[in-house]
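Enquirer: My questions all concern the structure below.
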Amino acid sequence: MAKQIKYGEEARRALERGVNAVADTVKVTLGPRGRNVVLDKKYGSPTVTNDGVTIAREIELEDPFENQGAQLLKEVATKTNDVAGDGTTTATLLAQAMVREGLKNLAAGANPMLLRRGIAKAVDAAVEGLKRISKPIDNKESIAHVASISAADEEIGNLIAEAMDKVGKDGVITVEESKTLGTTLEVVEGMQFDRGYISPYMVTDAEKMEAVLEEPVILITDKKLSNIQDLLPLLEQVVQHGKKLLIIADDVEGEALATLVVNKLRGTFTCVAVKAPGFGDRRKEMLQDIAILTGGQVISEELGYDLKDVRLDMLGRARQVKVTKENTTIVGGAGDAAEIKKRVNQIKAQIEETTSDYDREKLQERLAKLAGGVAVIQAGAATETELKEKKHRIEDALAATKAAVEEGIVPGGGIALLNVIEDVQKVVDSLDGDFKTGAKIVLRALEEPVRQIAANAGVDGSVIVEKIKAAKDPNFGYDAYKEEFTDMFKAGIVDPTKVTRTALQNAASIASMILTTEAVVVDVPEKNTAMPNPGAGMDMM
C-alpha cells in the first residue's frame, strides 16, 4: 500500500493538532466542576462520562497525520489508567502542555534531544518531590476522602471505605449493576467460588434452596467420582463420627451421585457435592488454595493419594459452608495461619512476575479469597445511561483508593504539582542551554492542572496559581467546588501519590517522543469507488 510522508515542523504540527483534539475534549472534565462528555454509540443509548480514558478511546480523527497524534495521546491515558486506574485527564493535560511548550522551543531552533534530556531530568526531580510530600494513608476516613474526591460523591466514597475496611487492602472489590435505584454494598466473608451443588436434592433449606453445613469435613480431590466403591471407606468414617461432608471434585456422577443423594434423603448423613472451580492448571492451584485454607490435603494420584486410603484427618475443616445453586462459600477454614500466609506471599510474587493482565486479575482473585473476602458494590440508578456513568465513577474511585493505599496521598486539586515546582527549579538552575529549556517545559506544565480546574469552575487560572504560590503553604489550595481557598488536607481534598506520579511520567514520555519526531508515515487513504447504476432490466432490490 502506498504511503504519505510528512517531515519536520509540518509533521510535528500535524501531531500537535491531533494531541489538541483529544486533550481539549478530555480536559473539560477535570475537577469538581468539570463537565461531562456524551459519546455516541452505534447501538443503544449514548454514554455520558467524565472519565478521561473512556473519552480518549472513542476519538478517531479523519486526517491520518493528526490521528497519529491523537493515538499517541490515547496511549498516555491508557497507560496511566492501567498502572494507576485514575488520573487520565491530568496525564492528558500535562502531555498537551509539554508538547505545546516544546514545539515553541523547537520552532525557535532548540535541539530536540537536549530538550528530551532536560524534560527527563525535571520529571525525576518532580517525582522525588512528590515522594517527599506524600503522606501514608492508614484510616477509614482518609480512604473515604480519596474515594469521594475521585467519584465526586460522598456516598460512594463511604461505601468504598467500608468495603476496604471489611475485606482488607488485598481483598477483591467488584462493581456490579444493581436492579434497584440505590447503590449498596454486599460483603462475602471467607472463600467463595462460582460452583453450586451438583444435585438440588442436596439442599438443607428447601425454601431458600441452599445447603448450609455447620462444622463439616471437606474432601478435596481432582478426580471424577462415579464409582461408589472408591468412596465407601471414607463415608463409613464420616457416618461413624457423625460429621457432615462437603465433596469438591472434578465431577460427581452416576452411581456415586445416586448413592450420596439417596443417603441424604434417608437421613443417613448430610453430604453436598460441588464441582471444583477453575480449569486446567488454575483448577489445581485453586484446589490447593482450598486445601491450605481448610487445613486439608488435595487427594490426587499425582501426589500419591488414593481415594480408598483417605482418612478423616486428611480432610479439610471449616466453621460453616454455604452452597447455593451457583456459589459455594467456605467460612472459617481451619488451615494453619502460617501456611496461609506463605501461600499468600507466593501468589503476590506471581502477581509481580506475570505480564498477562488476565493472569494478574485471576491471581488477585485467588489472593483475595485467601486473604480476606470479596466485597461487591451494587451500583443502582434510574436510567441505563446514568447507571453506566455511575459504574464508571465507582470503578475509577476504587482504583484511585487502591493506589492511595499503595503509595500514600498528596494535597489534591493540582496543588501537589505546584508544591514540587521548587524541586524542579533547583534542577533548572543547575542546567544550561537547551538542557535547561527542556526542564523549563516541565516547570510550566506543572501549573496546568490548577489552571484547568479553575477554568472549569469559571475563574481565572493564572490568578489562582499566583495566589497559591504566594501563600508558601504546601497544603494551601483552591477548592473549586466551594470556590474558596483552603487547607487541602483538612478539607479532605487529596490525590493518590501514585496517580499524580504516573500521570506526570507518562505525559513526559509521550511529549518527548513527539518532540523528537522528524517524520510521520501514514497509509494513503483508499478512494471509495461508487457502485455503478444498475443497468436496464435489472430488478431494484
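Count begins at 1; order follows the chain as displayed.
Any Cβ shown, glycine's included, is placed from N, Cα and C.
What you are looking at is a predicted structure, and each value in this text was computed from that prediction instead of being measured.
Annotation source Swiss-Prot lists ATP binding site at THR29, LEU30, GLY31, PRO32, ASP86, GLY87, THR88, THR89, THR90, GLY413, ASP495.
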Enquirer: Using Cβ atoms only, which residues of the same chain lie under 8 Å from THR88 (ATP binding site) while being at least 6 residues apart in sequence?
Expert: VAL26, ASP51, GLY52, VAL53, ALA56, VAL76, ALA77, THR78, THR80, ASN81, ALA503
Enquirer: Look at the binding-site residues ASP86, ASP495 and tell me which residue has the greatest number of other C-beta atoms within 10 angstroms of its C-beta.
Expert: ASP86
Enquirer: Mind telling me which of the binding-site residues THR29, THR90 has the densest Cβ neighbourhood, counting other Cβ atoms within 10 Å?
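Expert: Most Cβ neighbours within 10 Å: THR90.
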Enquirer: Hey, does DSSP put THR90 (ATP binding site) in a helix, a strand, or just coil?
Expert: helix
Enquirer: Counting only residues 6+ apart in the same chain, whose Cβ is under 8 Å from the Cβ of GLY31 (ATP binding site)?
Expert: GLY413, GLN452, ILE453, ASN456, ALA457, ALA480
Enquirer: Going by DSSP, is ASP495 (ATP binding site) part of a helix, a strand, or coil?
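Expert: It is in a strand.
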Enquirer: Sort THR29 (ATP binding site) into helix, strand or coil using the DSSP assignment.
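Expert: Where THR29 (ATP binding site) sits, the three-state DSSP reduction gives helix.
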